[in-house]
Amino acid sequence: MGLLRVMMPPKLQLLALLAFAVAMFFLENQIQKLEESRGKLERAIARHEVREIEQRHTQDGLRERDSSASSLSEGQDDIVIIYNRVPKTASTSFTNIAYDLCGKNHYHVLHINTTKNNPVMSIQDQVRFVKNVTEWREMKPAFYHGHVSFLDFTKFGVKRKPIYINVIRDPIERLVSYYYFLRFGDDYRPGLRRRKQGDKKTFDECVSAGGSDCAPEKLWLQIPFFCGHYSECWNVGSQWALEQAKYNLVNEYMLVGVTEELEDFVMMLEAALPRFFKGATELYKTGKKSHLRKTSEKKPPTKESIAKLQQSAIWKMENEFYEFALEQFQFVRAHAVREKDGELYLLAQNFFYEKIYPKN
């Protein structure tokens, strides 16, 4: 080769080098295409194997169903959801969707009605409630809802915990809504007399006068609802309670939505838990009156009233928790849906199984 380079004119040597480079590029391109083809073939084989396994499981399932009808969908029929709803967060609107769907989707809805809406249960009631939820087979699958703070089922030796979900709201907006709700009610049960009915004082007037119904302490609600049945949870302004509420939200709740984006919350629940929420998104979008509950005579607070509440340490903690929940919800949503032409669409399954052994 060295002799040929000596004998070849420089132009031919350059052409030879170019030809060699082109040939190498072509070979590398072909090798890359072969690698891509091999990858596609492996994925196709893996999907085929998965389909074969699923088919065998389906056939096995059909045989089991024929031999024992009572075992059909046992796992799905054993599910229990607990929605420990925070007052004035659109909880009635959301719960009515569950009531509308329970007949069609074949599950039970149970309202946890505590005396004077006390969100903390006695120790004996905690034991009774845990026993009911886990052992009341006639009521499964079940959707429990009520104004009850989070209860840790593992403390009672339960192996299979219920699925917790919830919705929270901007703390000042929630307080304003609750303030007017106690005085004027809402359009859901307009004839029901509320305990503050007759008090015509506006929220702004209450804040200006330093009233107890609009005091910063009244903001302390969403944190203790998520914190649970510990005494420290209900100590207003407790940093420990805030951290425990954050921990529970991330580790104990499957999904926590926000009132301002309730439709997205409903859509994601339908995708994740179709056994309960199949048809929920369409039902929510229809705008039936049963799903739209609005507080009567509600007047938005002034900037001055909002600024006064925002000076308190309690608002800062409740707002920190709300923003923490909002960020987590938006993170989950970003990995679950996409927006196109102003509409949200659920992402298709984005994983599959491969290299399944043994082959038999």
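Just so it is clear, glycine is given a Cβ too, placed from its N, Cα and C backbone atoms.
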Range among 24-51, 108-135, 136-163 that TrEMBL annotates as coiled coil: 24-51
Per-region confidence, the coiled coil (24-51) (mean pLDDT, whole number): 73
